[in-house]
Amino acid sequence: MKNLIKHITFILLLVSVSACNTEYLDPNSTLEPDVVNNTDNLIELLNGVQKRWSSDRSGAVYTYTSISGLNTGELRLLNPGNLGEAEIDLGGNNVNGGNELLINIWTNIMLCRKEATTVIEAADVATDDTQIANSLKAYGLFYRALSHGTLIQYFEQFPLEIIENGTFSTKTIVLDNAIADLTEAKSYINSGLSTSVTAGVFDSVDLENSVNALLARFNLMNGAYLAAIDAANEIDLTVSSTWEYDASVPNPLAFWFGSQNVTQAKDLTFGLPSDLLPDNDDERVSFYVTAEDLNAANPDYQAVGFFLNNLDEIPVYLPGEILLIKAEAYAREDDLTNAVIELNKVLTKTAATDAFGLGANLPAYAGALTKEAILDEIYRNRRVELYLTGLSLEDSRRFNRPGATAADAERNRDYYPYPNSERDNNTNTPDNPTS
C-alpha cells in the first residue's frame, strides 16, 4: 500500500486529536481546521476514509459482509460468545438497537460520510487550482455516495443532513442523492483528474470505473433500469478496483475467518433455497468455499476466494455484478433477449477471462424464456457470483424472496432497528421496523 507509513501516521494523528476532543467521534462534528486547510491534508483524509471503510472489525466491509452473510445464510456462527454476530445470526426480535454490529456499521459509515463531506466542502478553500479542487471533490463524492447507498440497504431510512436531529429520508431519496453525487463526480473525472491528487490517494480503487459501477448498482436498486444499463456499459471489465491490504492493515474478513472463532462459510448452498441451488458443475462454488473433506458427514466449510489470506484484496465491485446488473435491468424492462445475452456472459465466463479469476464455466441458459424464470436464474447467479459482497440482503428483498415473517423465510430480518446511539441523540429517529 503506497506510502503506508505516512498515511498511518496521519491517521494516528487524527485518532490522537479525537482522544482530546470527543466530538471527533460524533458523525455531526467537524475536523480541526489544521486538518482541512491544505490539499495534502485532504488527500490524507481521503485515505483515512478508505481505511475506515475497508479495514478492522468495526469497519464497513466487515460489518456489512457479516450482517448480510449471517442474515441470508451465507455464513455460520462459530462462537455465540460473539454477541453482536450471534444476535444477527438469530435475527428477528433478538436484534435490537444495542447490537454491536449495527452500531459499528451506522457509526463508521456515518463517519466516512462526514469526512467525505468535509473534503467536498473544503476543496475550494484549500486550493485555488480548480482541477485539484474538483479532483478532491470527485473522490469525496464517491465515498459519500458509497456510504449512503450502502447504509440504506440495511435501514429503512437515515438522515442525509449532517446536523443534530437530522430528518430521516426514505430509500428512494437516499439513492437519488447518491446518484446525484456520483453524477457530479463523473463530471469532474471526465474533465480530467489532477495527478497531484491521484498520486497521493491509495491507488487500488479505480475511481472512474468504480463511480460507474456504483451508478449502475444504485440505479438498479432505485428502479432506473435504463440508467443502470447506460452506466454499466461505460465500465471496463478488464480493470480491477479493490480494497488493498498489507501486514499492518490486514484483510478484516480473512483475519477473522482465520481466527476460527467468529464466523465461517455456512455450506455450499450460498443461502439459496432447494429449487435454486448452484449447479454441481459451477466452478464459482470451489472458488469461494471449500472444506478439508467435502465428503465428510459434516464438512467444516471454509471461505476462500478473496478471504483466505490477510493480504487478499477485496473487490469494490465484480465484473460479474456489472453483467448481472445489465441482465436484470433488461429483464425488468421486458427485453428478455438482451437479458439472456448478458446472463450467458456470466454463465459461460471462465476464470481465465475474468479480471479476478472468477468463472462459472457453465453452459448457456436453457431455461424457460419467461421473465419470471430468467429473473430467478439471475438471482441464483447473483447469490453465487457475488458471495459475501454485502449485497445479498438487498437482493433478497428486491427479488421478492420470502421475507423474515414468511414460513419459508430466506432471510431472518428485512431491515434492522436503528442503533441506540442514534435514537438517544436524534429525536427524529423513526420507529424500528417490525421485521
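Cβ coordinates are placed from backbone N, Cα and C, and glycine is handled just like the others.
Positions annotated as compositional bias 'Low complexity' by TrEMBL: 426-435. Helix, strand and coil content of the compositional bias 'Low complexity' (426-435), in residues and according to DSSP, is 0 helix, 0 strand, 10 coil.
The domain 'RagB/SusD' annotation in TrEMBL covers 317-431.
Within its own chain, the region 'Disordered' (402-435) has Cβ neighbours under 8 Å at 67, 70-73, 89-92, 95-99, 102-103, 106-107, 154-157, 159, 164-168, 271, 273, 393, 396, counting only residues six or more beyond its boundaries. Marked as region 'Disordered' by TrEMBL: 402-435.
If you look up TrEMBL, you'll see 1-21 marked as signal peptide.
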Fill in the blank from the handout: Taken over the domain 'RagB/SusD' (317-431), the predicted model's pLDDT averages 99
